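Novice: Handing you this structure, nothing more for now.
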Amino acid sequence: MCASGKYNSRGPALIPRMKIKHRIYYITLFSVVLLGLVATGMFQFWPHSIESTADWTLDKRSIHDAPLIRLPVSSPIPERGDLSCRMHTCFDVYRCGYNPKNRIKVYIYPLQRFADELGVPISSTGLSREYNDLLSAISDSDFYTDDVTRACLFIPSIDVLNQNSLRIRETAQALAMLPRWDKGMNHLLFNMLPGGPPDYNTALDVPRDRALLAGGGFSTWTYRQGYDISIPVYSPLSADVELPERQPGPRRYFILSSQTAIHREYRAELERLKEENGEALLLLDKCSNLSQGAASARKRCYKGQVYDYPQILQESSFCVVLRGARLGQATLSDVLQAGCVPVILADSYILPFSEVLDWKRASVVIPEEKLSEMYTILKSIPHRQVEEMQRQARWFWDAYFSSMKAVGLTTLQIINDRIYPYAARTYEQWNNPPVVKWSSVNSPLFLPLIPPRAPGFTAVVLTYDRVESLFRVITEISKVPSLAKLLVVWNNQNKSPPEESLWPKVSVPLKVVRTKENKLSNRFFPYDEIETEAVLAIDDDIIMLTSDELQFGYEVRNASYRNLRRPLHHSSSNMSASLKLNAPDNPSPLR
């Protein structure tokens, strides 16, 4: 009790003295903490200005106002470019992470000017109007972020669209100086005019390490499948000339050639076709009696008669697109805008956005060596199919070619679909114009008009659960000399296919396709994996056929087909365990 009384007698006297002594200290400390919390909240929710690139309009932000960066001669140079790069080896998908919208975030580097030690710029043009439009479109899109820490993809503000305007070594050094370069990981470069004289390489010559390349002239030799993106060569006429959409149907000319400066051998062959077919073919060239300039670029001539370009393209059903010094040609964009079906003769050319676009629905691709047969090939196409291709060509232009914005956002969407495949756009979303969603353009009879891409036949084996019998069928079919590929259609949704190590070892590619529904008709879908004209549809329990019998059936089929001499689009027979003609243009529902 004494201790308690002592405490009570001293306590009330000590506490007030303690508050008075430290009151100012407590108030100051509380104020500092409160101000810190307010400042943190404002920084969190107020627009960031660190490495921000919110405004890409040339009128407000000129390249001349950007800071100048001088490149020392000893600056590092990236490696030439890794041709083995794929998304799983040279792209860090973990940067993208999970987000509810399944959308990548793209960061654009701040605008800077780069020059060598003497002050000479790395580019003769600086920032082109086209590249400025591209960056502006991306910065206005849902893909864009000004927070570099949230970015999945990085786009330099260095314009490499036209290699002719670049100093190769210095441009590479400028890329390597970017703060997030990291050997090009997760960086995207846009280039439309690659290479230069005399060899005109089909990919950008600037060393770029592991960076992705959206290129406008890829060949099968330089294109990294599933990594690079083939884009169109933008046509300046698209922004300057407005062509009203024309209804599909017959037009004044059957075939039109409007390109200038094409190889003399191609010119001679076209002139021979002109002599044979008369007014059905219009062969235009550069106008020699007009002064050089923008006006002459919009004119084409034939024997002194002047035509407006690209308006004249709307007067033809088919328009020729030949390779020039470069594989990619701006003519392709002009032809699509006119609703003219492009006839593409450029061996090994990777068509723009071919990763997602079905070009067989909008164009005719003919090997260069068959230029002399072009008229005959085109004449065999039914009128209704030509009209559907004209409609599809115009829609491709509207959706994917009409502006730098369309080109840039399509490129980002393709990359987005790779990173978030479960939320990717479907074949129909990429290829079906809304107005013809249920048109016969989706018919299985919409067949290619070019020779098959691969010889031999594809064996399509329908199976459900008879694994032992399936493996016996695969082993026997693999002995057939003319077999090009094995495609197993796994029709069991409740069970997974066997592990890869358990499958028979065969000398041809073997692919397993899992179906969404257990239907017998799944065997007849023209899957994208089928690259041959002939297909063997067979069940997993048909084991009585020998390899000799199958080879004999294939050879008889070839002989009968040659004798009948009928077009591909006339055949529509589907028979189990028999060879049939493939219809690869029909979209597969199992993508």
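Using the three backbone atoms N, Cα and C, a Cβ is placed for every residue, glycine included.
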Novice: Coiled coil per TrEMBL sits at which of 4-31, 256-283, 284-311, 508-535?
Specialist: 256-283
Novice: Give residue numbers and ranges for long-range contacts of the coiled coil (256-283): same chain, 6 or more residues beyond its ends, CB-CB under 8 A.
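Specialist: Same-chain residues near the coiled coil (256-283) but 6 or more away: 300, 302, 309-310, 312-313, 315-316, 318-322, 324, 329, 331, 334, 340, 345, 371-372, 374-375.
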Novice: Based on DSSP, tally up the residues of the domain 'Glycosyl transferase 64' (457-557) by helix, strand and coil.
Specialist: 30 helix, 28 strand, 43 coil
Novice: Looking at the domain 'Glycosyl transferase 64' (457-557) alone, can you tell me the average pLDDT?
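Specialist: Its mean pLDDT is 85.
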